[in-house]
Amino acid sequence: MKLLGNSKYIFVVLLLCISVFLNGQETLDEIKYSEEVCTEQIDIHILLDGSGSIGYSNWKAHVIPMLNTLVDNLNISNDEINVSLTLFSTNSRELIKLKGYGSTSKDSLRFILAHLQNNYSPNGNTNLTSALLVVDTLINERMYRPDAIQLAIILTDGIPNDLPRSTAVVHQLKRKHVNVAIIGVGAGVNNEYNRILVGCDRYAPCPYYSSGSWNEAQNMIKPFLTKVCQEVERIAHCGKWEEWSECSTTCDEGRKIRRRQILHPGCVSEMTTPCKVRDCPQIPIPPVIPNKIPEKPSNPEEPVNPNDPNDPNNPNNPNNPNNPNNPNNPNNPNNPNNPNNPNNPNNPNNPNNPNNPNNPNNPNNPNNPNNPNNPNNPNNPNDPSNPNNPNPKKRNPKRRNPNKPKPNKPNPNKPNPNEPSNPNKPNPNEPSNPNKPNPNEPSNPNKPNPNEPSNPNKPNPNEPLNPNEPSNPNEPSNPNAPSNPNEPSNPNEPSNPNEPSNPNEPSNPNEPSNPKKPSNPNEPSNPNEPLNPNEPSNPNEPSNPNEPSNPEEPSNPKEPSNPNEPSNPEEPNPEEPSNPKEPSNPEEPINPEELNPKEPSNPEESNPKEPINPEESNPKEPINPEDNENPLIIQDEPIEPRNDSNVIPILPIIPQKGNNIPSNLPENPSDSEVEYPRPNDNGENSNNTMKSKKNIPNEPIPSPGDNPYKGHEERIPKPHRSNDDYVYDNNVNKNNKDEPEIPNNEYEEDKNKNQSKSNNGYKIAGGIIGGLAILGCAGVGYNFIAGSSAAGLAGAEPAPFEDVIPDDDKDIVENEQFKLPEDNDWN
């Protein structure tokens with residue numbers, strides 16, 4: 001911790017870190033690899049069993065060949081593997097010493113093994129301990145190479161003579177870093193002992209022990225060869241890298257490369273790493289909208305379809321004036337040389353055509369070319385297409401086609417390219433057969449052939465039967481044929497004025513009887529449906545204004561059908577019994593005690609101008625509400641008196657002259673059965689309660705002695721906080737002097753009992769006692785403070801109460817105070 005607090009130490013550590021970092025940048029790249037190395041410096045000590053248990057045959061056939069295999073697989077040299085050989089039986093003998101003959105050369109070692117195979121015969125016992133001690137002596141004398149690995153290989157077929165001694169020497173060699181391996185050959189090998197001798201567990205795998213028959217001796221040596229030739233991890237320096245090249249791209253992510261020369265086969269000569277210089281500018285993405293623009297013109301091509309009906313090539317549009325076939329039509333009737341003119345007037349077969357039974361109606365029409373009834377043909381309901389043919393002459397075909405495309409379809413089903421229905425030269429005879437006009441008929445307006453227009457595209461098969469038709473002499477009749485004078489029969493064209501029977505055709509206005517579909521206007525008699533205004537007959541429902549006849553509900557005033565009872569509008573709510581009497585006589589107050597609260601007074605009997613005469617009322621009989629003069633008055637239930645501290649008692653009415661006072665009034669109010677209210681301190685009348693069992697008498701009370709009004713005056717309720725039991729009204733008789741008030745001692749005593757006594761005396765006494773206590777406390781505190789301060793100043797002054805104790809007794813007292821517990825008498 002002290003070092004961490006030392007700034008110099010921290011500075012030195014920082015410098016070391018920087019230097020290591022800089023040196024690390026200059027170090028060559030290194031790679032780690034492993035390879036099998038058999039040329040390491042190893043000293044192999046071979047201990048060969050030459051006891052008689054092996055036998056000469058095994059010695060010659062198996063033992064010596066196994067040693068030759070081991071030598072052949074080792075890299076024996078002066079610097080790498082050195083070999084020593086010791087033969088043990090009863091005694092041990094070192095055949096090859098380390099760094100001696102045959103120790104560093106394979107050829108020398110093979111020669112020794114061949115001589116041993118031919119000249120030695122196994123004999124004696126197994127003295128393994130003596131051979132182990134030879135190896136131990138080499139280690140102790142440092143006859144080995146300190147950098148070399150020490151390995152001892154034992155070849156035996158039996159159990160050593162001294163097991164404990166042999167085991168002890170093996171452990172001693174292991175402590176000196178000598179590895180021991182055993183190869184057991186033959187039938188008498190003790191495997192358990194050999195495993196313990198090597199240092200392996202009894203049942204665990206042991207790499208330093210191998211056993212088997214003599215035939216397997218050469219195979220058993222191979223595991224030991226792997227121990228000698230081990231894989232060693234090595235580090236190779238691959239060389240220094242060159243500088244990094246520039247990034248492969250000028251923007252965004254790229255790669256850079258560096259190279260070096262190969263110094264080892266496992267090294268890499270080239271290295272790449274990602275790099276990034278800067279972000280590349282974003283390339284604007286072409287808008288997608290221009291790609292959609294060519295698709296949009298395809299939409300306008302859709303309305304091209306409505307123009308298809310106006311296509312001049314449309315064969316279904318007979319009304320197109322631009323029909324290229326029409327201009328050739330007018331030339332056909334003007335051609336006098338036309339041999340195919342079916343309208344030859346000399347044609348005798350034409351009259352037979354009207355006999356065509358397939359069209360019985362057509363012969364009637366051509367017989368009268370000027371038939372004014374032709375205009376009625378458009379009215380033929382069976383052929384509504386007829387009126388459509390003349391109309392294209394007078395109407396705009398473009399206007400008519402969209403409105404009625406269907407009427408135009410029947411004529412175009414069999415269009416005639418030679419049809420003179422060209423609007424430029426109308427044929428006056430077309431109305432003769434408006435159903436199927438024949439372009440060649442105008443040549444003979446007088447005798448049209450109705451059957452020819454039945455198939456205008458194909459000539460009448462009867463025409464070739466006309467012998468006169470090839471005769472051109474009739475063609476001079478074509479002077480008639482050039483019925484151009486008949487073209488002035490265009491005056492017959494004014495028969496088109498008959499065609500303006502199309503005004504009858506505007507019987508289609510009868511078709512616009514679809515306006516009669518606005519008979520829905522009759523349906524939209526919804527104007528009549530706005531009879532919903534009649535539904536708002538709810539205005540009649542707003543007869544609810546009659547419902548607000550709820551003002552008639554205030555007919556509840558009529559509910560008090562007792563007009564006599566409400567005849568006194570001044571009668572108050574019967575729930576307030578005290579107030580209803582006030583309006584009864586506003587001039588003279590009424591004593592509420594004289595009234596029976598249980599018997600409501602009749603407002604009709606009360607006279608606001610006259611006081612109530614108690615004699616006129618029958619005091620003996622209670623007022624019966626059923627005896628009221630007006631039977632319509634509904635009497636209220638009797639109201640019991642209630643306590644109301646806010647009500648000021650009203651002085652009684654003093655009867656005037658002519659009024660008799662009841663004679664049964666007591667002279668002293670205390671003797672009366674009537675409970676007189678007495679005010680409390682709070683201003684409440686304690687006697688005016690529901691618990692009172694006394695009632696106002698209904699019988700006349702005898703008047704007192706000389707003063708007939710005294711008894712009545714004694715019934716006056718006492719005002720609030722008054723000590724007088726008798727209060728006289730000044731309005732009784734102003735001439736009479738007020739009588740002296742007689743106090744009631746009993747009432748005073750009762751009132752004083754209810755009042756709480758004043759606590760002022762206790763307050764004064766408490767104040768005096770508190771003051772004295774404060775003074776006493778102040779004096780005691782002063783004496784205590786003065787005594788303690790004086791003792792501190794005086795020093796060795798006597799303690800308090802010390803002068804009280806005699807001098808002779810002071811020592812005794814002090815001794816008594818400082819006695820030990822065991823010295824006490826009570827102990």
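Glycine residues also receive a Cβ, built from the backbone N, Cα and C atoms like all the rest.
Within 10 Å of the C-beta of C267 (disulfide bond) we count 17 further C-beta atoms, all protein chains included. Here Swiss-Prot flags C238-C267 (among others) as disulfide bond.
If you look up Swiss-Prot, you'll see C247-C275 (among others) marked as disulfide bond. A C-beta separation below 8 Å, combined with a sequence spacing of at least six in one chain, links C275 (disulfide bond) to C247, S248, E253, G254, R255, K256. Reduced to three states, the DSSP call for C275 (disulfide bond) is strand.
Taken from Swiss-Prot, the feature disulfide bond covers C251-C280 (among others). Under the three-state DSSP scheme, C280 (disulfide bond) falls in the coil class.
Residues or ranges marked as region 'Disordered' by Swiss-Prot: 278-761.
Under the heading region '29 X 3 AA tandem repeats', Swiss-Prot lists 306-392.
Feature annotation from Swiss-Prot assigns region '20 tandem tetra-/hexapeptide repeats' to 402-514.
Residues annotated as compositional bias 'Pro residues' in Swiss-Prot: 408-464.
Among the features that Swiss-Prot reports, region '2 X 11 AA tandem repeats' is placed at 603-624.
Residues annotated as repeat '1' in Swiss-Prot: 603-613.
The annotation compositional bias 'Polar residues' is assigned in Swiss-Prot to 657-671.
The feature transmembrane segment is assigned by Swiss-Prot to 764-787, with sequence analysis given as support.
It is C238 that, of the disulfide-bonded residues C238, C251, C280, has its Cβ surrounded by the most other Cβ atoms within 10 Å. The two recorded residues C280 (disulfide bond) and C238 (disulfide bond) have their Cα atoms spaced 38 Å from each other. All protein chains considered, the CB of C247 (disulfide bond) has 19 other CB atoms within 10 Å. Across the structure, C238 (disulfide bond) and C251 (disulfide bond) are spaced 33 Å apart at their Cα atoms. Distance between Cα atoms for C251 (disulfide bond) and C267 (disulfide bond): 32 Å, as a whole number.
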